[in-house]
Every structure is written in structure tokens, then in C-alpha cells.
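So TrEMBL says this about it:
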type: BINDING; residues: G477, Q478, T479, G480, S481, G482, K483, T484; note: ATP binding site
type: DOMAIN; residues: 40-162; note: domain 'Calponin-homology (CH)'
type: DOMAIN; residues: 394-559; note: domain 'Kinesin motor'
type: REGION; residues: 195-217; note: region 'Disordered'
Amino acid sequence: MAASEGLSFSVASVVEDVLHQQWNRPRALDLETRRAEEAASRRYEAAHWLRKMAGIVAAKDLPAEPSEEEFRLGLRSGLILCNVLNRIQLGAVPKVVESLNDSALIPDGAALSAYQYFENVRNFLVAAEEIGLPTFEASDLEQGGISSRVVNSVLALKSYHEWKQAGGNGVWKFGGNVKPNTSVKQFVRKNLEPFTNSSSRNVPTNEKTADANKTNSSRSLGTLVHALLSDKKPEEIPQLVESVLTKVVEEFEHRVASQNELRQTISDDFTTAKGKKSFMKFSDDNNMKVEDKSHTLKHKQERSCRNYTTDEKSSKQIIKQQMIFNRQGSDLQELKQTLCATKAGMQFMQMKFHEELHNLGMHIHGLAHAASGYHRVLEENRRLYNEVQDLKGSIRVYCRVRPFLSGKSNSYMSTVEHIEEGNITIKTPSKYGKGHRSFSFNKVFGTSATQAEVFLDMQPLIRSVLDGYNVCIFAYGQTGSGKTYTMTGPKDITEHNQGVNYRSLRDLFYLAEQRKETVCYDVSVQMTEIYNEQVRDLLVGDSLNKKYPYSPCLNLLPP
Ligand SMILES: Nc1ncnc2c1ncn2[C@@H]1O[C@H](COP(=O)(O)OP(=O)(O)OP(=O)(O)O)[C@@H](O)[C@H]1O
């Protein structure tokens, strides 16, 4: 069995890796110690023989009892190995790259490049392989390499030399292994990849190279097994073989599981993302083509992964753009709805505004109508009012009886006999006894009548003045009858005993204030005295004229 279906590794590679692991596997402490001692002994033997074969000068950098590192550095340039092999078998290594200076021991390869080192080592390995010697990896001469394999190869060369010196009779064997029938070509191909690990050789590029590699791996395996068993005692071999086989089975199962998992992951991702058919196709009819198909499959998987990654990015970008587009669409739709709602709101508001404006107009119209009606009613009222005043009489005469002045009420008898509404009866002397006479007036005020009661009959006439009618109120009577008292008031005047003039002016300005929104009135006052048929202006500040004591009445002009 070289490979399983769909696997990108061969059984040989698994076994080889396990053998390497086994080679490097930590052993028990005592075994390790013993192995270290044995390895050191074998290394010393190899170094001693190489120094002897190469000569002291050529092998001066290789100590007689070198450590692993000294052994590796001493042989790293490949010069000693090639020269010794050429001495044993002339021309076995046709071309040897010599060092530029005397010393072949250059700590980190400053004088010789890695390629030059590799050339010598490679040529040695090719020649050794051709002879049938166990070889080693070129990387074993690098830091971290397996120096025991180099030691083993050198001791095999020693054995071969001794066999040749003994006459070369029969078939040379080393450690019980028959000389393998190998081809140089295979090793050349293999070693053209310096410092590579064994697994890298198991990735063929085509079927032909897969065959070559398979054969090569088999030979490499043989070498590994040979190297692994060569230093073992017979009783250790069964246990070692069992351990190696167990490891091989575990490693193989592990790799199969990993391959299947990888395949399943890629298949699932690809199917989910693109819905395309699977790119993974494996053929099971030809085991010889499995590795090539696996290799091709790997390329396909990588290409698919790359395509998948690119497609996934494009898909994500498209989905993102689609989401933005959808969001903008929904925003636009929302804006349209908002605009429609605003439009409807505006129309509703406009309708309400027109409606309220219409209602307001109607209300104002009603108010204007009511106002005009009010003015009509007011005018009618005024007309009727003044008509009533006219009916009462344009000339009205009132009679007021003055009471006795203080201190005279007991010594005089009143002449007033009887007072009844508009009539007053006066006692008059007569030669036939007592007489009496009656007089009629609009109204007769007795001695107990107050200033307010007297003004109450004058008050309606003040309103007629503001309605544009001419009104004249005056008092007539003999001296001391109470004219001044009635028209103005007593000397110690108060709001209670104010006469007709003060009360009339107060009412006049009060009504003017009430009507100020509709009518503007101008008020002026003039005060004259007629005495002994002489008229005098009492408001003139002439020393000859008598100044009226209540001139402040002039201040009652309207604003
Ligand atoms: N109704 C009344 N009640 C109380 N006292 C009165 C009344 N009428 C007049 N008097 C008093 O009588 C006096 C004379 O009044 P008054 O001066 O008004 O008379 P008169 O007619 O104006 O006099 P004259 O013509 O000389 O000016 C005053 O002292 C006044 O206070």
C-alpha cells in the first residue's frame, strides 16, 4: 500500500517520519547513557580512521576524539569524506571543491558557501550510495543534524575499505544488509533539494517523479531501518520493531483524520458560500496516481480557497452595498411618508386657518352690525330722553324754602303754611284776619331738603348738555334767601354739602370720560356777576373786578 484514497502522503513517508522520531525519541536514562558512550566510541573510531586515511594535515581540524559538534564541523565541508573515498576507490568522487585556504574548519562557513559544502557532501553521498554504503542526509552535517548517521556511514566506508584490502572477495555486506542495487540518478534528484526533510520528498509533481520518489523513499527507508538496527542488540530489536509499528499506525491514522477533516472543512465552506459543486474529486482506481492526484487536488483546493476568499470578499462587498442601498431606500420611503404627512398637516392647518378666519370675519361682521345697532339704539335713546326732558318742560321752576338761621328759630314764626309736592301755601296778613296764598312750581323743596335732593332734579339736564342741548340753571331770590348756598354751597364746603354747580361739573366730566371713545368734548367756564344792572367778569384778575373765590374751577378743563 503506497497511499490511501485522497491522501496527500504516502505510507512510506509516514514510516520514514516515525523512524526519524524513533531515532530521536528520548530513551531511558541508562539506555541513553549507554548509547551515548557507544556513540562516542563509534565516533572516536570513525574520527581516528578518517584522520589516518586523510592524513594529519588534511584532517587537522578533526580531533582524534571529537564531540558531536566537532565531528560535524570537521566533516561539514565534505573534503575529508571525498578525499578518503577517492583514496579507497579512485575517482569515486570526480569533482571535489577545495577550500580556499588551508583550513577546512570554518566555524560558520565564511570561506565556503553552503552550496560549496553541499556540492562535496552531495558528491560523496552519491558515490557512497552507488557503492552501497549507508548514507546520511546532507542536513545531518548542519547544526541539529543526526551525527550518528554520519558516523555509521563513515564506519561502513571503513568496513568497505577493509573488505577491499582483504581482496574484495564475495559480496560486501555491512551490518547484514546486502548491497542495494541503486541508481545514482535517484539520489541526484533527491539531493538536489538540500537540507530538506523527508516529508518534502513525498509531494510528487507528476506521476513519473512519484514513481521515482516512491522507489527513492523505499531505499531511504531501508537505509533508515539499517541505521536504526545496526547498533542494536538482538534482544532489543523485537521491542523496537513493535514500538515503531505502533507509532506508524498511530501516525497514519492521525494523518488520515487530518486529511479528512481538512477536506470536509473546505467542502462545507465552499458549498455554503457559493452553492457550487465540490471541487474535490479523487480517484481510487489507480494507487500509483494517488499522490499525483493529491498534489493536483492540493493545488485545486488552494486555488479554490483563493477563489473562495476573493468571491467571499466580493460577496461581502455586494451584501454591504445592498444593505446600504436597502437602508437608503427605507430612509427615502420614510422621508416620503413624512413629507406626505407634513403636506396633509399643512393642508389641514390651512383649512382650519381659513375656517377660523371666516368665523372671525363673521364674528366681526356681527359685532359691527351690533355696534351699528347699538349706535342706532343709543341715538334713539338720546332722542327719547331729550324728548322726555322737553315734555317735562323747557322752563322748570323750583322753589326751595330756606330754614331759619341759627338763633332765630324761636323768635320768628314761619310764613310757610303748607308744602305739597309742587304747591306751597303762604300765610299772608289781611285786614279781615289771617289770609293765605298758594303758589305752584315744578317742585317745592322744604327746609329739610338736602343739596343732593335738590341736584337730583337738575342732573338729567347735564346729560342733555352733552347731547348737544343748551341748558341754563340759575337761582333767583331776595338777599339772604339761600341762592349761593343752593348753587355753590356754604363757606365751609364739603363733598356732602356741595351745591348744583360742583355736582353738575362733576357729572359733566364723568359722562365725557365715559364717552371719550366716541365723542371728544371741549369744556370752558365763564363766570360773571350782574349787580345793579352792571355785568362784571369775575374771572378777570382786575383789581377793580371782584375776584370770585372759587376760580380753581377753571382747572376742570378736559384733557
Ligand atoms: N337751605 C339752607 N340751609 C341752611 N342755611 C341756609 C340755607 N339757605 C341759606 N342758608 C344760609 O343763609 C344765609 C344766607 O344765604 P345766602 O348767602 O346764600 O343768601 P343769598 O341769597 O345768596 O344772599 P345775597 O343775595 O345777599 O347774596 C347763609 O348764611 C346761608 O348759609
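From the backbone N, Cα and C atoms, a Cβ is placed for every residue, glycine too.
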Does any of Q478, T479, G480, S481 have a Cβ within less than 6 Å of an atom of ligand 1? These are the binding-site residues; tell me which, or none.
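Listed by sequence, the hits are T479, G480, S481.
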Using DSSP and three states only, what is G477 (ATP binding site)?
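Reduced to three states, the DSSP call for G477 (ATP binding site) is coil.
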Any idea which of the binding-site residues T479, S481 has the thinnest Cβ neighbourhood at 10 Å?
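Per-residue Cβ counts within 10 Å for the binding-site residues T479, S481 bottom out at T479.
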Indicate the candidate from Q478, T484 with the smallest number of other Cβ atoms within 10 Å of its Cβ, considering only these binding-site residues.
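Relative to the other binding-site residues in Q478, T484, Q478 has the fewest Cβ atoms within 10 Å.
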Determine the most Cβ-crowded residue among the binding-site residues G477, G480, G482, using a 10 Å radius around each Cβ and all protein chains in the structure.
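Neighbour-count leader: G482.
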Could you tally the C-beta atoms, other than its own, that fall within 10 angstroms of the C-beta of K483 (ATP binding site)?
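K483 (ATP binding site) is surrounded by 17 other Cβ atoms within 10 Å.
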Summarise the model's confidence over the domain 'Kinesin motor' (394-559) as a mean pLDDT value.
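Over the domain 'Kinesin motor' (394-559), the predicted model scores a mean pLDDT of 84.
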Excluding G477, Q478, T479, G480, S481, G482, K483, T484, which residues of the same chain place their Cβ within 8 Å of the centroid of the Cβ atoms of the recorded ATP site?
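Filtered neighbour residues, in order: R402, A475.
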